[in-house]
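These notes concern the structure reproduced below.
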Amino acid sequence: MTEYKLVVVGAGGVGKSALTIQLIQNHFVDEYDPTIEDSYRKQVVIDGETCLLDILDTAGQEEYSAMRDQYMRTGEGFLCVFAINNTKSFEDIHQYREQIKRVKDSDDVPMVLVGNKCDLAARTVESRQAQDLARSYGIPYIETSAKTRQGVEDAFYTLVREIRQHKLRKLNPPDESGPGCMSCKCVLS
């Protein structure tokens, strides 16, 4: 059975734990208890494949930022979560993405942008803004509500699909032996 290491990142209070617990335990946690780091495992079937999700729910608080490099190193894919009623959390996404790219030493890291709390009327981040940001990053955007469960499975399952595609790209890189590759120096031994 394939195991996927998913990491949930984002500013404090955006609902990272609520999303994760909604996926794992099917219930909404409405009291806010800042996370340091929690790990969850769940067996699911995605596109006919049984797989094990190993989900790391991380601290959004700045005082735990030193721990980020470690979990970013081990994660295969990242849910970058902001709250649609918190513009600052949306603006913070850029720093999380840059840190992930730096730690992974790659521009090609599986990620999904997640706008949480879409059940709330007091929206300060428009869907269009988030879609534009996701498009500029070349990643999917999904709106979720940990409270109503809307989009929760979709967000995590989409990330698994992104990881699968990433692995396929690494196994089958674009053909570089075409006419544009005159500087290749192949050594056969």
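Glycine is no exception: its Cβ is also placed from the backbone N, Cα and C atoms.
Taken from Swiss-Prot, the feature N-acetylmethionine covers M1. Secondary structure at M1 (N-acetylmethionine), taken from DSSP and collapsed to helix, strand or coil, is coil. Within the same chain, the residues at least 6 positions away from M1 (N-acetylmethionine) whose Cβ sits under 8 Å from its Cβ are Q43, T50, C51, L52, listed in sequence order.
Within 10 Å of the C-beta of T2 (N-acetylthreonine) we count 12 further C-beta atoms, all protein chains included. Swiss-Prot lists T2 with the feature N-acetylthreonine.
Under the heading motif 'Effector region', Swiss-Prot lists 32-40.
In the three-state DSSP scheme, C118 (S-nitrosocysteine) is classed as coil. Taking Cβ-Cβ distances under 8 Å and a sequence gap of 6 or more within the same chain, the neighbours of C118 (S-nitrosocysteine) are I84, E143, T144, S145, Q150, G151. Residues or ranges marked as S-nitrosocysteine by Swiss-Prot: C118.
Taken from Swiss-Prot, the feature region 'Hypervariable region' covers 166-185.
The ubiquitin cross-link annotation in Swiss-Prot covers K170 and rests on experimental evidence. DSSP assigns K170 (ubiquitin cross-link) to a helix. If you draw a 10 Å sphere around the CB of K170 (ubiquitin cross-link), it holds 9 other CB atoms from the protein chains shown.
Under the heading cysteine methyl ester, Swiss-Prot lists C186.
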Alpha-carbon distance [T2 (N-acetylthreonine); K170 (ubiquitin cross-link)] in Å: 17
